[in-house]
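Features of the protein shown, as given by TrEMBL:
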- 22-287: domain 'NADH:quinone oxidoreductase/Mrp antiporter transmembrane' (DOMAIN)
- 289-341: domain 'NADH dehydrogenase subunit 2 C-terminal' (DOMAIN)
- 58-80: transmembrane segment (TRANSMEM)
- 92-114: transmembrane segment (TRANSMEM)
- 150-170: transmembrane segment (TRANSMEM)
- 177-198: transmembrane segment (TRANSMEM)
- 204-221: transmembrane segment (TRANSMEM)
- 233-253: transmembrane segment (TRANSMEM)
- 273-293: transmembrane segment (TRANSMEM)
- 322-345: transmembrane segment (TRANSMEM)
Amino acid sequence: SPYALSIILSSLATGTMLTLASNHWFLAWMGLELNTLAIIPLMTKTHHPRATEAATKYFLMQALASAMILFSSTMNAWFMGEWDITNMSHPISTAALTIGLAMKLGIAPFHLWLPDVLQGLDLLTCLILSTWQKIAPMILMILINSQLNTNLLIIMAILSTTIGGWGGLNQTHLRKIMAYSSIAHLGWMMLVLCFMPSLTLLNLIIYMVMTMVMFMMFLNMMSTTINKMAMSWLKNPMMAASMMIVLMSLGGLPPTTGFMPKWLIIQEMTKQNMIIITTIITLSSLLSLFFYLRMSYSISLTTSPNISNTFSIWRQNNKNSMILPTTIIISTLMLPITPTLINILN
């Protein structure tokens, strides 16, 4: 029903905006709960056992994370007499809140639910879960970055980038690959959160844009596995070429846009004299780059033997090519504005 869909999407927007606009922990918790309850009907709309399983896992994990957040804020109010978001000063409350928000986001070692949940959903719901649902918890972490435990964030960052790279190596389903890609990108955001939160916000925006474009291309090509990506060049060569560029951008290869946040994060961590940790994070990103290259190989250098190359499907199926200019601009042309962004961030 379009009425039900409009109510659900409005609730998603309202929950995120309530969390962003609130100064009280209880209101922020209400916004997170509204977000969780609004997306569950979208998960179960396909009436498939996998969708029901994914919605159940998501609900249980988010309920546990919300309980942790409410428990930490209540404990902070008990000890410090403060419900203000920016005054989370008790160490136990801060640690519990960090764990609760990490569960919400799917950061390692609290990441096990994310690949299974995304695998059971349709691509449009995966798009919402991978982008919009990460805004509110990440903004809360940015708001309280000065009170967070730096060592805990660095441990989660190293685990996220390593597990996000290793986990995606043996995957053939695109939704699971994008889930492990999300885990790896969140690790980079956690690494620089305590030192330069504005850079974390920039990384979040670029990740959301690239992930949104990637899922839109999957929807356009009707691709859910790497084997189906071999058909992309026959369906729409321009879309396939743009998909390769976006994959390289997700991997962080220069001169694409995805290289910019990694470059700035490495520069900032080097200024903080964390050479060893930065080296570990950078080397672990090579694991993620491997499965992005494998996806690009499936698009460009393989073709299905069942379809003649003389039949150009893309000439009849070229309706959604309007996203191509935006895709190319976002994926390739933002790196030259890096000096301007550095001045803004500083």
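For all residues, glycine too, the Cβ spot is worked out from N, Cα and C.
A Cβ distance under 8 Å defines the sequence-distant neighbours of the transmembrane segment (204-221), meaning residues of its chain 6+ beyond its ends; these are 123-124, 126-127, 130-131, 134-135, 138, 174, 178, 181-182, 185, 189, 228-229, 231-232, 235-236, 239-240, 242-243, 246-247, 249-250, 257-258, 260-261, 320, 323, 326-327, 330-331, 334. Simply put, out of 58-80, 92-114, 150-170, 177-198, 233-253, 150-170 has the most Cβ pairs sitting under 8 Å from the transmembrane segment (273-293). Same-chain residues lying 6+ beyond the ends of the transmembrane segment (177-198) with a Cβ under 8 Å from its Cβ atoms: 105-108, 111, 114-115, 117-119, 126, 130, 134, 138, 141-142, 145-146, 148, 150, 153-154, 156-165, 167-168, 171, 204, 207, 211, 214-215, 250, 261-262, 265, 268-269, 272, 277, 281, 284-285, 288, 291-292, 295, 345. For the domain 'NADH dehydrogenase subunit 2 C-terminal' (289-341), the model's pLDDT averages out at 66.
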